Structures are given as C-alpha cells and as structure tokens.
Amino acid sequence: MAANQEEQEQEQRRRLIAAATRFPLPSGCRFSYGTAGFRADGATMAPAVCRAGILAALRSVKLAGAAVGIVITASHNPIGDNGVKIADPDGGMMAQHWEPFADALANAPDPDALLQMVLQFAKDEGIPLGGEDTAQVLLGRDTRPTGAYLLDAALQGINAIVGARAVDMGILTTPQLHWMVRSKNKGVMASESYYFRQLIGSFRRMLELVPKGKGGDEVAKKLIVDGANGIGGVKLEQIKVELSGIDISVRNSGKEGEGILNHMCGADFVQKERVTPHGFNPEDVGVRCASLDGDADRLVYFRLSSASDNRVDLVDGDKILSLFALFIREQLDIVNNNGGQANKSLSARLGIVQTAYANGASTLFLKSLGLEVVFTPTGVKYLHKRALEYDIGIYFEANGHGTVVFSEDFISQLESLSNELSSQADIGSAQYHAVMRLLAASQLINQAVGDALSGLLLVEAILQYKGWSFQDWCGLYSDLPSRQLKVKVKDRSVIVTTDAETKVSQPSSLQELIDKETANYTHGRCFVRPSGTEDVVRVYAEASTQVEADGLAKSVAHHVERLLG
Ligand SMILES: CC(=O)N[C@H]1[C@@H](OP(=O)(O)O)O[C@H](CO)[C@@H](O)[C@@H]1O
Ligand SMILES: [Mg+2]
C-alpha cells in the first residue's frame, strides 16, 4: 500500500473516532430514522445529528460527489424538540435502502463500533474513502434554539469524512434547503435570492395570465397568514412586498416576542383542532387565511366562520390538491381541445396520489372528474416517488404536505409547443395561454418537496384565475366527518398493514373486528396503523355523521387496546 494512501486511511479512522468521542451516545438512547428522519428532545439530539452528518457525507461520496442536504428541524413539534433529515441529490428524501444503515450508525454504542460500521458499510457499498473533494453537503436549520448547537454537531460529522465539504446555507424553511440541493445538482444557482426570484417571477407570470375581468376585487386579494412563529413567517415577511396583486399580512410571524413556535398556532394545530390559531380575532371573520407549519412544508387554509366562537371552516391538503387538479386538468383540456390540431396537442398522464388519511369525499370528488387516483402508505417519500411516475403527478397528505411534479419530458413538450405557437404568432390564443400557465406553475411549485410558500402562491394565483372566493373553493365537496385517535400499546410494531395501510394483515383477528364494527355505520371507513413518528397506534374513522365517526373510532380503539394493550 502506498504510504500516502495508508496515511489517509489513518486520518480517516482518526477523524471518525474523534467525532464519535465528542458526541457519545447516552446509555438507553435509541434513534430510529422514521418518516421524518431522527427526531427527539433537542437537547439529546447531538449524537444522532453528528452521525447524520457522517451519513450525509458518505451518501455524497457514494453518489460521486453530488450535493446532499441536511435539514435540522422538528417541523410542527414543540419548540424543545429537534430533528435531522437527509435530502438526496434530486432534492427528495434520502433513498430508503440507506435507512437501516442510518439506524445502525445512530445507535452505534461506542466510537470503535461506529468506526468498524462505517468501514464495513463503505466496503459493502463500494464507497471510496480518503480522496480529495469527494463530498459536499448543504445544511439548513429552522429557528429552534437548539439549532445552532446541532448545526455544529452536523458539521463535525461531515468533517469526519476526509474530502467532504460542508456549506452552511443558514436559517431556512425545509423546502428551501431541498430546493437548493436539487438546484445545485442541476447547475442552477442554489441561493436564497434565486429561490425567491423564481417564486416571485413565476407568481407574477401566473397573474399576468389571469383572464381580464377575473381576478377579484381588493377583498379577494386579502390574505392573512399564520406563520406558526417559525421560519415560514419570517421568509414571507421578507418577500411579501415584492408580491404584487396580493395583500398579505403575517401573524405569528416569528418576530421576537410574538409567541412560541408552533404553540397554539401553525398548520398542524389548525388542521387537528379546527379552531383559529393564536393571534386571530372576531374581526377576521370571513377573511381568507392560511396557516404554515414550523418549517413551512405544510399548508392549510381556513376561514373564521362566525364572530361568536373560534371554530374554522378548514381547507386541508385534500382540497388544495383538488384545486390544483382542477386547474391543471382545465389547462390540459384547453391545450388539447383548441383548434383540434393533432400536432399541437400534448399527451400527458395526470395522476393523483393520496394516502388513506385523505377524506373519502375528496377521493370521490377526484374520481368523479375522471382522474386517476392512487394510494401509498403515509409519508412524503412514498407519495413523491409515486407521483414521479406520471407526466404530472399531484400529491398531498391531508395535513397539508404536498406538491405537483412535472416530468422533464413533459416540460420539454410544453416548451416546444410554446415556441411553436409563438413563432406562428399564436400568442393571443387560449392554447398559448394555457401552455404558459402550465410552464409558470411548474416554475412556481417546488419540484423537490411540498413547500408551503410556493403552494400558497399557486393557490392564490389559481383563485384569481378562476375568480373564486374561499367559499367557492371550500364548497367543491363536503368532507365526511372523521375522527383520529391515538392508542398507546406495548409494541406497536406487532401491527402489520397492507393495501397502502388500509388493511391490517397481522394480527388478522384485528382486521375482522374492524370490518365488523365498520359494517354498523353508513359510509363507514376505518383503518389502524402504527405511527412512524410517535410511539402510538393511530386509528382513523370516517362515517356520515360526527357522532358515528367518533363511535367507530372509539370502538376500534378499544379492540386495539384489548388485543395489544
Ligand atoms: C396521520 C398523520 O398526519 N401522519 C403524519 C405523521 O406520520 P405518522 O407516521 O402518522 O406519525 O408525520 C409524518 C411526518 O411529518 C407525516 O408525513 C404524516 O402525514
Ligand atoms: Mg413540517
């Protein structure tokens, strides 16, 4: 072995031992890379975050030095929590087949075990350690107080891999960081100002394409946004002056003294509690409002129904998805039915992706439009992957996380059609406008991951295009009453599900009981699954009245307790 190579190997070993020694794993601590990466009390997270740094650098080396991302956030969870997740070079979640290694690495009991694990994994996966400039990792974090400390732990993890370079992108929304990773690998400027420019520019183009006479009055342009006292509010404050054609005021904006992150506010709170967030009052009755979560990757809309209490009419992820689907279908129809010239039509497979938590009324509505609707297990990584199988894939979780993904092939079809039409002086035609709207929408909506800021701007542009009020949108269909319950059991992994989590395969007696209970209710639907982020079993039930949905959820929860308690 060349002396130089031996030195580098020794250096690699030394660095890994040093990093692991600096952040020892407290005894009894166990991390699991779930749907949202590692997540726990922020004060206990440093060992997992440091090891996530090592992991991200290894992933970049494996992928020939392509940029990989690390986000330090615990999303909608309380301010004391924190977490870490890794973004792959395409801006999506880390490939699932690396998750078992992520778990093993995070739980390596001591520095030597960690070193052996990394060396073995590198050998098995063919990861060449010890080279120069072999990896780059972009880092972002949200506004949590433990963020700076954990960022340092992540940096030390990354620097434990020889040849890895860490780039701190600053305090960002989660989708901004995912966008930057994707952009970096596509050779686009991966800066915040470029991200903002893309959002602002494509939003402006969308508004320019609103038919004359639509677009609504000043009241329709008014929007109040609950920023969850997190980073989304901060960023929206930063760009709102540059967004013409819309009048945004931000509450719970994350400014000093305005309130606590995610406390009595934010998309998760509004969607679960169905009441106004902190900072809203009776004067807001009837105004269109939106709510972001703590890292701004979830978005829901709401309206305070009356001045006498704080209940809201909710527009959740399912209804945002429905609005997007209607809009895109309409544009495709305009493109394909205009003039009927076959050489100017677009063949596009449009697919809708939901999970079992999607309200049954939304699925019925989408299917009644003739759309293809498919289901995946819970978790963005499953939805996003499935959506990529279409020319245009639209996915949303009911809780407000989702986006619209366009295939590269479809984008080039759009671009050549727009060139063809403009060269034939067809730029005044409805067909040309529809093509331009689809192109602008593909620029506006984040292609890497669900993004509350870009989703909000697409919603606002579509409402103006359609000349729709909140009421028009909300009235697309009526949600079936539903209830979600959590059940604490000894070991939630005992439950195994199938058919996109809609059926329990083990213990089989449990599915029989669920079927029996469900049969007692009109429009009854019920499923149970172990949570991927909390130590609970979740029960979801739907029925034609709230009392019935509550009754079904409760009786099934009892069976879960009795069988697995
Ligand atoms: C019912 C529900 O809302 N589940 C959430 C929650 O997952 P669970 O596996 O249900 O704990 O957190 C995930 C990550 O944020 C999110 O993707 C998912 O939708
Ligand atoms: Mg989030």
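Numbering starts at 1 and runs along the chain as displayed.
Glycine too: its Cβ is placed from the backbone N, Cα and C atoms.
Small disclaimer: the values here were computed from a predicted structure and weren't measured.
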Annotated companion of ASP293, ASP295, ASP297 at the Mg(2+) site, TrEMBL, chosen from SER75, SER508, SER509: SER75
Non-local residues, at least 6 beyond the ends, that sit with Cβ under 8 Å of the domain 'Alpha-D-phosphohexomutase alpha/beta/alpha' (62-96): 36-43, 45, 48-49, 52-53, 55-56, 102, 125-127, 133-142, 144-147, 150-151, 154, 158, 172, 174, 177-185, 190, 228, 260-263, 266-269, 293-295, 297-298, 380-381, 384-385, 447-449
DSSP-derived class (H/G/I helix, E/B strand, else coil) of ASP293 (Mg(2+) binding site): coil
Pairwise Cα distance for GLU397 (substrate binding site)/ASP295 (Mg(2+) binding site) [Å, integer]: 16
Using Cα positions only, nearest of the recorded positions to GLY532 (substrate binding site) (SER75, ASP293, ASP295, ASP297): SER75
In sequence order, those binding-site residues of ASP293, ASP295, ASP297, PRO530 whose CB lies under 6 Å from ligand 1: none
